[in-house]
Amino acid sequence: MDFRFDIIVEYAPYFFQGLLATIGVSLVGIIFGLILGLFIGLGKMASHPIVRWPFVWYINFFRGTPLVVQILLVHFGVMPLLFAQPNAIVSLAVALSLNSAAYVAEIFRAGIQSIDKGQMEAARSLGMTHAQAMRYIILPQALKRMIPPFANEFIVLIKDSSLGMVIAAPEIMYWGKAAAGEYYRVWEPYLTVAFVYLVLTLSLSKLSHYLERKYSTS
Amino acid sequence: MIDVRQLKKSFGSLEVLKGINAHIREGEVVVVIGPSGSGKSTFLRCLNLLEDFDEGEIIIDGINLKAKDTNLNKVREEVGMVFQRFNLFPHMTVLNNITLAPMKVRKWPREKAEAKAMELLAKVGLQDKAHAYPDSLSGGQAQRVAIARALAMEPKIMLFDEPTSALDPEMVGEVLSVMKQLANEGMTMVVVTHEMGFAREVGDRVLFMDGGCIVEEGKPEDLFDRPQHERTKAFLSKVL
Ligand SMILES: Nc1ncnc2c1ncn2[C@@H]1O[C@H](COP(=O)(O)OP(=O)(O)OP(=O)(O)O)[C@@H](O)[C@H]1O
Ligand SMILES: [Mg+2]
């Protein structure tokens with residue numbers, strides 16, 4: 001079998017564009033997923049069941065339905081209500097953010113609830129407000145425990161951004177498929193794409209290990 | 001200083017406090033004893049509202065805990081608490097454990113908080129541990145740090161919930177001696193403990209709780225040597 005590197009070279013500018021798009025939607029998904037997920041996780045821990053209810057169902061929906069369906073709903077259902085010309089990259093980023101927020105919320109909740117009750121009580125007994133106790137006592141300890149599950153979730157998110165293909169969002173997978181179609185070749189474009197995802201996910205995994213080590217020694 | 005009237009508290013259908021009345025004067029050391037499950041911890045935790053109560057009232061230093069305009073955080077600033085399991089903050093050094101609340105709650109500048117912390121560490125005999133992490137301390141050391149941490153807020157009242165029960169026997173003495181010193185300095189203290197020697201020596205008054213009620217109270221020598229109630233006698237015969 002001959003491996004045609006010239007196809008990769010020729011398509012390199014597109015793969016590069018796709019790489020940037022993949023990194024972009026993943027970063028947006030991670031950042032907004034974290035912000036929205038923190039909020040939803042806190043909502044799910046509310047003491048009143050009626051306050052909890054919408055957050056519980058948000059999480060149920062986004063964890064219990066396929067991401068592909070969510071992407072299609074966002075792109076062809078929600079976005080046209082807001083924009084005349086929905087942009088597939090934007091739709092993908094929104095769907096990934098909403099989806100990862102559900103997982104992040106659960107990680108937050110589990111992390112916070114894993115901290116011994118005595119920590120909150122000690123903080124409150126010293127006159128700290130609930131918010132101060134969260135900020136100085138609970139979150140610093142909980143965040144450390146959340147690093148590995150967050151890394152897992154975001155690795156999944158990077159890989160799942162390839163589903164943007166179904167709405168023709170021009171991320172790296174889209175360009176891989178385009179190259180495959182143009183040259184009638186399988187190995188060169190898809191192995192290139194696979195390699196790119198591998199580099200991204202391994203980097204994230206390294207970063208996670210680094211953070212874990214950094215925060216476990218201090 | 002502390003006035004408790006008809007305090008009632010239930011967990012679901014289980015009534016844990018069935019109408020507690022107690023009056024604790026400034027500078028008094030009150031020791032609470034009683035069998036497991038009698039409601040001692042719950043009573044203590046109601047005094048700084050770590051546990052909400054259902055009925056009755058608690059007035060601390062003239063402030064009614066249940067009044068609408070009461071700022072609970074302000075009350076807690078004046079009421080220190082020491083827990084059985086220390087509850088030190090494991091991600092902070094001993095020094096930061098002690099300075100955090102004075103800096104964040106009382107808004108002291110760092111220098112003032114650290115000076116106070118070092119003074120308290122000297123008092124509990126642990127200056128050399130200022131930069132250690134809680135993990136590296138023995139149980140007795142951890143509990144002394146926890147006492148210093150509570151004292152750093154300069155509370156008017158200190159609550160102790162079985163402060164020596166989680167300690168190896170050889171470390172009980174070092175914690176009790178810190179508490180004794182504190183009592184001698186005139187701190188108002190409410191202490192739940194099974195250390196009858198401490199109760200007798202340091203306590204001004206002993207409350208015996210059973211089944212969610214204060215069954216009997218009195219000076220240690222009276223209560224220990226001439227208990228009036230059968231339940232008190234039965235309990236004391238087991239622990240003394
Ligand atoms: N958060 C809670 N939820 C439900 N029940 C509780 C809770 N806390 C305490 N109880 C129950 O209330 C009763 C009194 O508990 P409490 O901890 O006040 O007893 P105690 O006198 O301190 O006992 P011990 O000597 O074992 O510490 C017990 O039956 C206990 O099981
Ligand atoms: Mg108890």
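The chain as shown is numbered from 1 upward.
Quick reminder: no glycine exception, Cβ is built from N, Cα and C everywhere.
Per TrEMBL, domain 'ABC transmembrane type-1' is recorded for A:19-208.
Marked as transmembrane segment by TrEMBL: A:20-43 (among others).
Look at TrEMBL and you will find A:55-76 (among others) tagged as transmembrane segment.
Summarising the annotation, TrEMBL assigns transmembrane segment to A:88-108 (among others). Proximity of distant same-chain residues to the transmembrane segment (A:88-108), defined by a Cβ-Cβ separation under 8 Å and at least 6 residues beyond the stretch ends, is recorded for 21, 24-26, 28-30, 32-34, 36-38, 40-44, 55, 58-59, 61-63, 67, 70-71, 73-75, 78-79, 142, 146, 149-150, 153-154, 157, 160-161, 163-164, 167-171.
Within the chain carrying the transmembrane segment (A:154-175), a Cβ under 8 angstroms from the stretch's Cβ atoms is held by residues 11, 14-15, 17-19, 21-22, 25-26, 29-30, 33, 67-68, 71-72, 75-76, 88-89, 91-92, 96, 99-100, 189, 193, 196-197, 200-201, 204-205, all 6 or more beyond its ends. If you look up TrEMBL, you'll see A:154-175 (among others) marked as transmembrane segment.
Sequence-distant contacts of the transmembrane segment (A:187-205) (same chain, at least 6 residues past either end, Cβ-Cβ under 8 Å): 1, 3-5, 7-8, 11, 15, 19, 22-23, 26, 151, 154-155, 158-159, 162, 172-173, 175-177, 179-180. Per TrEMBL, the feature transmembrane segment maps to A:187-205 (among others).
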